[in-house]
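> Feature table excerpt (TrEMBL):
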COMPBIAS  1-11  compositional bias 'Polar residues'
REGION    1-22  region 'Disordered'
ACT_SITE  CYS110  active site, nucleophile
ACT_SITE  HIS221  active site
ACT_SITE  HIS221  active site, proton donor
Amino acid sequence: MSAARSQTQLPSGHRNPQPPRRWRLNNATNASYIAASYVKFVESGGARVIPLVYNEPPQILHKKLNLVNGVLLPAVSTKKVIYIDVVESIFTNVVRRNDAGDRFPLLAICLGFELLAIIVGKGILEVFNAKDEASNLQFMKNTSLAGAFFERFPPSLLKKLATECLTMENHHYGISPKKFQKNKYLYSFFKILTTSVCKDNKVYVSTVQARKYPVTAFEWHPEHVPYKIMGFKNLKNYCLPSSRNAFQWGLPGIPHSEAAVQVTQNVANYFVREARESIKRPSPGEILEHLIYKHKHTYSGRAG
């Protein structure tokens, strides 16, 4: 997703559409989609969304990248080489643009995190049992939050993040802190901010931030908390949210407490705040030409 800004213009954030899954509503082989929760998430921070479609012509992708002020890499399950190649191209563009003096943030969520780990760390991932669960975040000892992603989070909210289940995890792969720190490529590019524990009591890296660039990635899903409607299966009473957290839609699993929603809002604010630092000033006409709302919306609730 992308973000564009000026004093009178909202940032525009890019969101990379996901390749089709077996349950998609469109049976076209080249169909892709964007979950509405990501769009709402970015808009809640004050940005507008321009989709970067992974299989559209390279010149169109390049044009859109030059319009936007930030990129969000979503959770996406795919083995399509073209998708991974496009993500690597976008990541390279982010690094080059920052090196050229334009602050251009990248936010990667869940499998977006894992793709960055593959790209930067030369293909290191491990298996973790963190499917459909609420969890907390354990902050790394001796790691200062000054200037970091969590810097503007209220102290009371940081305390709750470490002690309550305010984040939603949903992944099969990840990286242990030990393996992360031994990988010279990953460790020189990123610093670990938090870890979490999966259902098998294995510790994995859950939040990282680049040392030099405005690139942040986490395994958890901030966009799910206020917007995602889904149930959870196979929960084994691991860090279950309290009943009051499930007030919305009456389903357990995804935290919906006030504190959990505050976490999501702080993440959205952070991403868009970074995007506002970009020097790009696309014209209103160019932005309107490419906004997400030019694409057809499909209600998928009944499809699950």
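Easy rule for this one: first residue shown is 1, then count along the chain.
Placement of Cβ uses the backbone N, Cα and C atoms for every residue, glycine included.
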> From the Cα of HIS221 (active site) across to the Cα of CYS110 (active site, nucleophile), what is the distance in angstrom?
7
> Have a look around CYS110 (active site, nucleophile) and count the other CB atoms within 10 A of its CB, chains all included.
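Within a 10 Å radius of the Cβ of CYS110 (active site, nucleophile) lie 26 other Cβ atoms.
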> HIS221 (active site) has how many other Cβ neighbours within 10 Å of its own Cβ?
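Excluding its own Cβ, the number within 10 Å is 22.
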> For CYS110 (active site, nucleophile), what is the secondary structure state per DSSP, taken as helix, strand or coil?
coil
